[in-house]
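As recorded in Swiss-Prot, the features of this protein are as follows:
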| type | residues | note |
| --- | --- | --- |
| DOMAIN | 131-297 | domain 'Helicase ATP-binding' |
| BINDING | G144, V145, T146, G147, S148, G149, K150, T151 | ATP binding site |
| MOTIF | 240-243 | motif 'DEAH box' |
| BINDING | C358, C361, C398, C401 | Zn(2+) 1 binding site |
| BINDING | C367, C370, C385, C388 | Zn(2+) 2 binding site |
| DOMAIN | 393-548 | domain 'Helicase C-terminal' |
Amino acid sequence: MQIAKILLSAVKLFPLDYLIPEDLSLNIGDLVVVPFRNKELTGIVWEFSNVPEVKKLKTIKEKVPLNLTITSEVLDLIKWMSNYYMAELGSIAKLVLPVDIAEKPIKVKEQKINNNFTLPDLSEEQKQALQMLNDSNKPILIKGVTGSGKTEVYFYLIAEYLAKGKQALVMLPEIALSTQIINRFKERFGFDPIIWNSSVTKAQKKMILRGILEDKVKIVIGARSSLFLPFKNLGLIVIDEEHDDSYKQDDGVLYNARDTAIVRSTFDKAQIVLCSATPSIETMYNANIGKYSVINLSSRYKNAVLPNIEMIDMTKEELPKNCYLSNILIKAIKNNLENKEQTLLFLNRRGYAPLMLCKSCGHKFTCKYCSSWMVVHKSSKKLECHHCGYQSKIFNSCPECLEDESLAICGPGIERIEEEAKTLFPNSKIAVISKDHVKNPEKIAQLLHQMENLEIDILIGTQMITKGYHFPNLTLVGVVDADLGSNHADLRSSERAFQLLHQVGGRAGRGNSKGMVYLQSYYPDNIIFSYIKDEREDNFFVNELEVRKAADMPPFSKMASVILSGTNEHKILEVAKNMVRIAPEAQVKILGPASSLMSKLAGKYRFRILIIADKKFNLQKYLKFWLELIKIPSFCHIKIDIDPKSFY
């Protein structure tokens with residue numbers, strides 16, 4: 001009797017066996033409707049086997065209408081991800097089919113491609129870049145200064161693939177970034193791209209999946225999950241802002257969408273293009289060893305000039321209590337307002353203040369579920385944990401010593417900078433962009449429209465505003481706390497700080513007027529600032545690679561992280577210690593166990609073991625063997641993170 005193994009997103013570990021009806025002809029990759037518990041689900045035909053008659057097996061009901069199939073290339077990607085990231089097949093299947101499409105056929109509107117595109121003229125440098133893109137058969141890095149027109153170059157490439165009848169995917173790290181790109185796309189190509197991100201409804205996702213499976217959708221702009229869409233005829237993948245940490249998923253299936261996209265491009269025989277003004281260290285390493293081709297765009301588009309960058313030594317500033325904008329920056333903002341030009345104030349910290357404490361007994365308000373401070377949000381009049389979302393009221397007296405009027409709010413958040421700016425510049429139009437202030441694409445689009453139409457004088461933003469936005473009249477950027485994030489005990493803290501400051505500075509002077517960037521710092525001699533100030537990003541990459549090589553850290557080695565978590569701190573630590581004690585002998589370096597930087601998260605205590613090995617070592621095989629040696633207690637949850645990006 002022939003059995004089909006059906007991969008279901010509802011079953012994480014392995015495909016389930018189903019009987020094949022005699023009148024049903026199936027192929028690997030076909031989408032079928034199967035009974036599962038008390039409902040019917042869509043599954044993927046994974047493989048076939050012949051077994052003696054089995055009475056208890058359920059029978060496949062039918063093929064999904066229109067005989068839709070998942071290509072062998074996507075199936076290969078699922079297998080690769082399961083092996084490389086040590087993830088359950090069903091969890092990866094849910095990435096490919098996030099909604100069930102086992103329903104009556106949905107009428108999908110086909111994207112009408114008009115090849116008479118109105119693309120703008122390219123500069124000579126951009127034309128050379130396009131020629132290199134056409135000539136290369138490797139992954140390509142477009143490394144261009146902020147505002148160099150990387151988007152215009154890959155728009156030309158998209159046009160070429162659409163003319164060939166191919167599908168194209170443009171990946172962006174944030175939903176917020178998509179608004180301006182979509183508008184530019186519609187302006188250039190004359191039709192709407194399909195958008196795929198967390199704001200897309202379930203019904204819309206069903207329609208999009210159908211359209212892709214029927215090859216009616218030609219161009220998708222999406223977040224990291226768009227990588228798993230079941231394209232039939234994928235010709236091009238573009239990863240914009242490839243360095244961004246948002247491409248790494250830290251829950252569910254732990255994967256890096258950038259790295260997985262490169263693998264997918266090999267399966268689909270598609271061209272892949274990585275874009276960034278500040279590429280990741282891993283990408284620069286691959287470029288240096290010849291694995292990737294590199295295109296350098298050294299000039300800003302339409303001859304715009306790069307901004308000047310100046311340090312402000314905050315140790316020499318005498319500021320009033322609870323004020324955070326230096327006299328130099330205030331004067332520059334006043335100048336900008338007089339010249340009718342826009343200003344961006346950047347602080348990568350949400351809320352009003354990062355800490356509330358008691359001046360009498362020293363009590364700090366921390367999250368009851370996490371090892372983190374509660375952030376003061378004045379606008380909502382609440383304390384909030386930015387890790388698990390727990391909220392509480394703002395107290396009038398200390399809950400520990402009961403002292404009245406003893407509570408102090410420490411440090412600035414973005415709301416506090418807004419308050420200070422409104423006091424200093426009462427007649428200016430001020431807006432704030434952060435996850436708390438703009439929670440959906442419509443709000444973002446509205447704010448961007450206001451910026452473009454000069455309805456905002458001062459924009460105050462978190463890292464949301466650093467990625468790819470183009471405001472021609474924005475000529476001044478003030479970084480309120482340039483030290484934030486640069487001194488963390490983290491492999492990538494210097495890299496992240498450099499990228500963030502470089503990107504936010506790149507928002508200034510993208511139009512006809514030259515820009516100015518001020519970095520406020522209590523440690524102005526930090527070497528990172530000199531790299532940014534003197535436009536020596538290549539020196540930064542060389543130095544950072546040397547540091548990593550000396551420490552035998554990625555990209556010169558492989559790394560995996562084993563995270564153990566549970567509600568009993570002592571028991572979890574004992575499991576972690578025992579795991580290290582029985583680790584198989586091999587050419588690996590094992591560090592830990594140690595408390596994660598976030599030692600308690602959502603009520604669970606967390607310990608981390610790091611494993612470092614030579615690049616040629618089969619780390620996954622080693623980890624599988626190691627995990628088979630230990631019986632994991634039910635109170636302990638284990639996650640494997642291959643190529644970890646953070647250590648929180």
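Including glycine, each Cβ sits where the backbone N, Cα and C put it.
For the motif 'DEAH box' (240-243), the list of distant contacts is 141, 150-151, 154, 170-173, 177, 181, 258, 274-276, 278-280, 283, 467-468, 499: same-chain residues at least six beyond its ends, Cβ to Cβ under 8 Å. Of all the binding-site residues listed (C361, C367, C388), C367 sits in the most crowded Cβ setting, with the most other Cβ atoms within 10 Å. According to DSSP, the secondary structure content of the motif 'DEAH box' (240-243) in residues is 0 helix, 0 strand, 4 coil.
A straight line from the CA of K150 (ATP binding site) to the CA of C388 (Zn(2+) 2 binding site) spans 37 Å. Here the binding-site residues are S148, T151, and the one whose Cβ sees the fewest other Cβ atoms within 10 Å is T151. Taking the C-alpha atom of T146 (ATP binding site) as reference, the shortest distance to any of the binding-site residues C358, C361, C388, C398, C401 belongs to C388.
Less than 8 angstroms from the CB of C370 (Zn(2+) 2 binding site) sit C385, H387, C388, Y390, M598, K600, L601, A602, each of them six or more residues away in the same chain.
According to DSSP, K150 (ATP binding site) is assigned to a helical segment. The CA atom of G149 (ATP binding site) is located 44 Å away from the CA atom of C367 (Zn(2+) 2 binding site). On a Cα basis, C367 (Zn(2+) 2 binding site) lies 44 Å away from S148 (ATP binding site).
Distance noted between the C-alpha atoms of C398 (Zn(2+) 1 binding site) and T151 (ATP binding site) is 53 Å. The 10 Å shell around the Cβ of T146 (ATP binding site) contains 25 further Cβ atoms across the protein chains shown. Cα proximity to G147 (ATP binding site) (within 10 Å) is found for none of the binding-site residues C358, C361, C367, C401. Counting in whole angstrom, G144 (ATP binding site) lies 49 from C358 (Zn(2+) 1 binding site) by their C-alpha atoms.
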